[in-house]
Amino acid sequence: MAVDKDTVAKIAKLARIRVEPEQQEALTQELSNILRWVEHLGELDTDGVEPMTSVVEMNLKMREDEVADGRRQNDIVANAPESKHGFFVVPRVVE
Amino acid sequence: MSELTGITLSRARDLLTKGEVSSKELTQAHVQAVEAARSLNAYITETPDKALKMAEASDARRAKGEAGVVEGIPLAVKDLFCTEGVLTTAGSHILDGFKPPYESTVTGNLWRNGAVMLGKANLDEFAMGSSNETSYHGPVENPWRRQGDNRPLVPGGSSGGSAAAVAARAALAATGTDTGGSIRQPASFAGIVGMKPTYGRCSRWGIVAFASSLDQAGPMTRSVRDAAIMLRAMAGHDEKDSTSVDLPVPDYEQALTGDIRGLKVGIPREYRVEGMPQEIEALWQQGIQWLKDAGAEPVDISLPRTHYALPAYYIIAPAEASSNLARYDGVRFGLRAEGAGSLEELYELTREAGFGREVKRRVLIGTYVLSAGYYDAYYNKARKVRTLIAQDFHDAYKEVDVILAPTAPSAAFAIGDLVDDPIAMYLNDVFTVPASLAGLPAISVPAGLSGDGLPLGLQLIGKAFDEETVLRVGGVLEDAAQFTHEPAFVAGR
Amino acid sequence: MASYRIAGNTGEWEVVCGLEIHAQIISKSKLFSAAATEFGGEPNSQVSPVDAGMPGMLPVINRFCVEQAIKTGLGLRAQINRHSVFERKNYFYADLPQGYQISQYLEPLVGEGTVYLDMPDGEVIPVGIERLHMEQDAGKSLHDQEPGKTYIDLNRSGVALMEIVSKPDIRSPEQAGAYIQKLRSILRYLGTCDGNMAEGSLRCDINVSVRKPGAGLGTRCEVKNVNSVRFVMHAIEAEATRQIELIEEGGEVIQETRLYDPRKGETRSMRGKEEAHDYRYFPDPDLLPLIVENDWVERIKADMPELPDEKKQRFIQDYGLGAYDAGVLVAERETADFYEDVANGRDAKTAANWVTGEFFGAMNKAGVDLDEAPVNAAMLGELLDLMADNTISGRIAKDVFEEMWETGKKAGAIVEEKGLKQITDTGELEAILDKVIAENPEQVQQVKDGNQKVMGWFVGQAMKATGGKANPKMVNELLRKKLG
């Protein structure tokens, strides 16, 4: 199925990627082409087939309830573009 | 080319063991080779000081009799592996300046086994690409050239920097990661060996995630034996990765017996695709003959859903990627766009500026296929198809021990040739993606040259966790092919 | 109990509520990382790179947290699903570092169950549980540290939560209050959540709709993040009233998310503030399905404490208590244990009266918890023993208790010290009565004339003369002999 410009705008918003108006047309075309191509899958009958959740046949690994990390505030904020007093800082969020 | 950079990893290991060379000498030679190969743009970050320090420490360990599996061996690390205190970019602008406060499990295993880091190898941005042209840090040049044509070629992708560095003798070996072919396809394009182990064999902890259900680290080397040595040093159970498998890691070198008598090799008829160059078909036939000559038995098999692997992959991988890449938001690390007045704007501007075109394309596709109303038609459908593709292999392995196929549908192409045609680019993965979807181990071994003098690889796909058979057959193929050609560019020559 | 109805202009309305409760699981470390869960602490000091959503970091689930959730499911008499799946709920927010929350969606760990509400009139109302699933908490945004900036602390990021969703079985603010209290009680008995609403360990979203009694379900609104039982009750009333007024004025309720403002006592729309979400749930490829083996559940079951409902039943049967008293006593495990210590070897009803009466009264007045009370179970028991063996009267016992509460001294010591021992010596009592009789000839005549009320007056005089220490039963008997 082809997507239209509005749909592209909507998913770009969901993905938090700004798309400039002049890019919209080309992007819509590209995404439509890709979607049309992957739609070959529709030809294949998958009735009653379980969707794959994991390719490895094993049980979920679990850890014991032990504190073995944290207490490394410096490591955590060291790469932050903006931080103060150990907090990450972003433009004011309006609640 | 120094005589120390032209050798295989296993040869270097033997020289180190005999004391004929020190890790420091070996590393120095490689540091020079890395510099000499800068025109390829194979490395994003060179770490010569670190390399020499690690080499000295390695020599000291060896003096105490504490040599590991890859003791003293200088390597390139794909810049998708987080390396503690060393810039890690994933080939993206959005990770500008990011120095992880942790070391990935796989690189940690390598260092624990004595290896030395030469630097961080270039790659397609977030490993999304088949030509290394999507890297924010620029394309990598393949050290190979077509005969009589000096146009720069792509090294394949996404582990293009790793492939180029190993092919150009600017590293004894490299780590790669393979999501849909990102180790095997560049290995084929660069005339080296590349192996994707079984999903779960190598820990994913500390590797920047692209598509979590597919990503798997593996070695890129100049011989099958080198791949066996590297894999042993990289693999192993990791409690920090819920999908890492708790199985002992064999000494893969032991598997290289050269004896494949009686082994059944599946030849999947669906891999004979329309438009595939005749020379690749011919090479495949040659490969079948080599294995037959060595006593194996070729068996025609069918993997009926092969045709649907690529579209399924291009739904599943972008879907997971769209979620995995949500953390790059300009808040806690990496790039933050200037001038954002609100948090929303900060997200949108940062991700607009920080991601390249292909990454955006895939994040948007992934967002779309997961969104309300489309989930079943795309994402769930693709997961069902994935089940069927895994089933195909499962059925085939009731009859055969290993599968032989081409690695890629073409030899390396010129930089710029496919950048404007995403689907044509995606088709590069047509032979590698099925094994990725099924989580199976696979290796690409250089097997011959194309008409215009470019390397071509053959691929062996094994049963889950049977890397040993894959390596054993790979070794036989390598011996038979006697691929001794060298690329046009060799560091220091 | 009479049904709760709100009177509107067009007649009576019924309120229909369902509650979604987020309960923080008690554990040392987080659901998917090994950082500590402690409340408070320096910003970002209880954060691992996993909780900060750093590149390449992977979740590994905490076995104990799963066990806590299973235990809770069992406590809610619910189905434990042998196969459940963790999914990613994708959305962007400043305190959501990964850009998704790991939660359970299509296949939760726990399915349908029931919670029984103990209403004040003794009625027991069942409320269905729809599901319980596990998920991770987000971090915290602070908006008041610096103008134009929001500060982010990820200490809570990744802490394990249980989301417990009720069916729309709740019909009044009181029932909603009782539901939260009961759920809280069960969680605290199990030790799976401390139930502290002030610290946010228990948070509540309410789905409210209204309808004419007997009609189909109306359109519901979700009131978010209401953080005390009182506010929950107010919010339901306010939201129901709003919906009724809206409908009666010819309007239509729109399904939306609303916020309760406790200062204004009203709910307001979050529309505009919250754009249309599309969470794009999909199974987290970093995790495998959670398979819960039968024997694990059986082991957890074997380890379960007696829960409030069973305890209440036992208190009614074994101690002969009324449903309400039993309900009050079992609400907190510690209180129930306290009561049982006091009742042990004593008259169970007297013990219940004293615990729920004097003792709770003193606790409330002083605003202290059980473990801070200056009188423990043994001390209260001693006091009851002194009453039982007639050493002191019930009247004196109340004074002694007050003294015990104030000084922390034991009952026997106070009785001894202050000479409060009951007078049971017949000779001594007779002397006192003779004196009273001699001094009041007029009243004596009245008794003789048949006015039995005056008999009571004589008892009072005798008690007054002994400072309350006279054994009232003996005084009665002696008076009857002397005047009767």
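Start at 1 and count along the chain as shown; that gives each residue its number.
Note: Cβ is positioned from N, Cα and C throughout, glycine not excepted.
TrEMBL does not curate its annotations; it predicts them automatically.
The domain 'Amidase' annotation in TrEMBL covers B:25-471.
Annotated active site, charge relay system per TrEMBL: B:K78 (among others), in sequence order. Annotation note: B:K78 (active site, charge relay system) sits in a strand segment as assigned by DSSP. Contacts of B:K78 (active site, charge relay system) defined by a Cβ separation under 8 A and a same-chain sequence distance of 6+ are given as B:K120, B:A121, B:L123, B:S159, B:G161, B:S162, B:A174, B:T175, B:G176, B:T177, in order along the sequence.
What TrEMBL lists as region 'Disordered' is B:132-161. For the region 'Disordered' (B:132-161), the DSSP-based tally of helix, strand and coil residues reads 2 helix, 3 strand, 25 coil.
Within the same chain, residues at least six positions away from B:S158 (active site, charge relay system) with a Cβ under 8 Å of its Cβ are B:G91, B:L123, B:D124, B:A127, B:M128, B:G129, B:S130, B:N132, B:T177, B:T179, B:S182, B:P186. Look at TrEMBL and you will find B:S158 (among others) tagged as active site, charge relay system.
In three-state terms derived from DSSP, B:S182 (active site, acyl-ester intermediate) belongs to neither a helical nor a strand segment and is classed as coil. If you look up TrEMBL, you'll see B:S182 marked as active site, acyl-ester intermediate.
Beyond its flanks by at least six residues, the region 'Disordered' (B:132-161) meets 37, 39-44, 76, 78-79, 89, 91-93, 121-125, 167-168, 174, 176-179, 182-183, 185-191, 194, 220, 356-359, 408, 412-417, 419, 428, 452-455, 487-490 of its own chain at Cβ-Cβ distances under 8 Å. In the predicted model, residues of the domain 'Amidase' (B:25-471) average a pLDDT of 97. Counting every protein chain shown, 37 other Cβ atoms lie within 10 Å of the Cβ of B:S182 (active site, acyl-ester intermediate).
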